[in-house]
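Peer 1: Sharing a structure here in structure tokens format.
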Ligand SMILES: CSC[C@H]1O[C@H](OP(=O)(O)O)[C@H](O)[C@@H]1O
């Protein structure tokens with residue numbers, strides 16, 4: 001998608017130096033566009049851990065390219081394989097909830113295991129990371145194609161009046177490689193002239209919605225309004241939300257969805273008000289090994305600093321400001337789990353299904 005009129009994917013090989021992978025340091029959005037060079041697997045791990053990059057598909061892709069960078073540093077033979085295994089472990093320790101991370105690492109290591117020598121490892125790693133990124137972008141594009149029909153149907157029922165869609169956090173193209181997951185149907189509807197308006201949850205504590213989703217929509221010309229996280233229920237009670245669409249970081253085989261903290265509360269409000277609640281789910285984010293999301297999905301806890309401070313723009317620079325008593329402790333749960341019973345449907349690259357084992361396996365059994 002585009003930033004300041006220029007098309008980007010969120011991660012790419014440096015044109016001048018194939019030993020460098022480039023991405024955005026998303027901590028600077030929406031105030032600045034800062035490209036970040038990744039020169040080592042450790043650079044990639046830190047970028048994930050400190051959320052320079054974030055979003056399940058983006059985390060997976062960054063780890064994949066991080067392993068490519070590791071092959072550039074790895075020696076020949078068994079020592080080189082041991083080096084790559086250590087790099088994979090380092091990447092696995094970055095963030096626990098988004099399953100794309102683990103899927104991508106495993107895909108890379110499976111591809112690398114049979115490589116004959118260092119040169120083949122490097123070639124295979126880059127080819128596999130590129131393939132993963134391409135697959136992710138296509139998954140998102142197809143989520144847009146399938147999700148578009150839901151938006152179109154609501155638009156027709158409203159005789160062309162704007163479809164009011166609420167979304168939480170950033171499940172946009174900046175959380176992915178391109179298109180986004182929750183935003184893909186929005187972009188396709190807008191591009192096809194279907195009027196939409198997006199309620200954008202600011203999404204405390206890091207405000208991925210107010211900072212990044214709002215930036216994406218503004219850059220694409222999509223009408224939107226930033227709201228506080230607690231406003232969604234009120235809007236739904238007053239008929240101001242036609243549908244909710246969110247992303248996911250891990251979805252279990254029975255359709256339980258881990259997503260940014262606060263998603264569960266949106267789903268409760270939607271259920272109580274008869275508002276359709278959809279989850280945009282690329283298969284890279286499916287974890288068919290898990291069933292009960294509430295029990296089995298690991299929920300990341302991040303630093304209390306993210307709760308006690310805000311980061312904003314002042315005097316031409318990003319400033320960090322304390323917003324609570326310095327001495328007060330804070331808890332920072334990064335995600336919550338929305339039970340399948342609260343979800344209207346899952347929008348996947350293979351079509352739309354119910355949030356159930358039958359629905360998911362109907363699309364993804366093979
Ligand atoms: C398309 S995945 C987006 C997903 O990831 C976000 O979490 P974070 O920004 O902490 O990586 C959030 O849960 C989004 O829905």
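Note: Cβ is positioned from N, Cα and C throughout, glycine not excepted.
Note that this is a predicted model, so its numbers are computed, not measured.
According to TrEMBL, the active site, proton donor annotation covers 249. Here TrEMBL flags 54, 55, 56, 95, 208, 259, 260 as substrate binding site. Residues or ranges marked as site 'Transition state stabilizer' in TrEMBL: 169.
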Peer 1: Report the recorded positions (95, 208, 249, 260) that meet this criterion: Cβ distance to the nearest atom of ligand 1 under 6 Å. Use sequence order and write none if nothing qualifies.
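Peer 2: Correct list: 208, 249, 260.
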Peer 1: Counting other Cβ atoms within 10 Å of each Cβ, which of the binding-site residues 54, 95, 260 scores lowest?
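Peer 2: Looking at the binding-site residues 54, 95, 260, the Cβ with the fewest others within 10 Å is that of 95.
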Peer 1: Return one of helix, strand or coil for residue 260 (substrate binding site), based on DSSP.
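Peer 2: For residue 260 (substrate binding site) - judged by DSSP and reduced to three states - the answer is strand.
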Peer 1: In sequence order, what residues of the same chain, 6+ apart, have a Cβ less than 8 Å from the Cβ of residue 208 (substrate binding site)?
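Peer 2: Correct list: 54, 169, 170, 175, 260.
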Peer 1: Hey, what's the Cβ neighbour count for residue 249 (active site, proton donor) at 10 Å?
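Peer 2: Its Cβ shell of radius 10 Å holds 31 other Cβ atoms.
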Peer 1: Could you tell me the C-alpha distance between residue 259 (substrate binding site) and residue 249 (active site, proton donor) in angstrom, no decimals?
Peer 2: 5
Peer 1: Fill in the CA-CA distance, residue 55 (substrate binding site) to residue 249 (active site, proton donor), as an integer in Å.
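Peer 2: Here the two Cα atoms lie 7 Å apart.
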Peer 1: Max CA to CA distance in Å over the substrate-binding set 54, 55, 56, 95, 208, 259, 260?
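Peer 2: The widest Cα-Cα gap among those binding residues is 17 Å.
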Peer 1: Rounded to the nearest angstrom, how far is the Cα of residue 249 (active site, proton donor) from the Cα of residue 95 (substrate binding site)?
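Peer 2: Distance between the two Cα atoms comes out at 11 Å.
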Peer 1: For residue 259 (substrate binding site), list the number of other Cβ atoms lying within 10 Å of its Cβ atom.
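Peer 2: Result for residue 259 (substrate binding site): 28 neighbouring Cβ atoms inside 10 Å.
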Peer 1: Could you give the Cα-Cα distance between residue 249 (active site, proton donor) and residue 56 (substrate binding site), in whole Å?
Peer 2: 5
Peer 1: Just how many other Cβ atoms lie inside 10 Å of the Cβ on residue 169 (site 'Transition state stabilizer')?
Peer 2: 30
Peer 1: So around the substrate site, 54, 55, 56, 95, 208, 259, 260 aside, which residues have their CB within 8 A of the centroid of those CB atoms?
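Peer 2: Here the nearby residues are 59, 97, 98, 169, 170, 171, 175, 247, 249, 334, 335.
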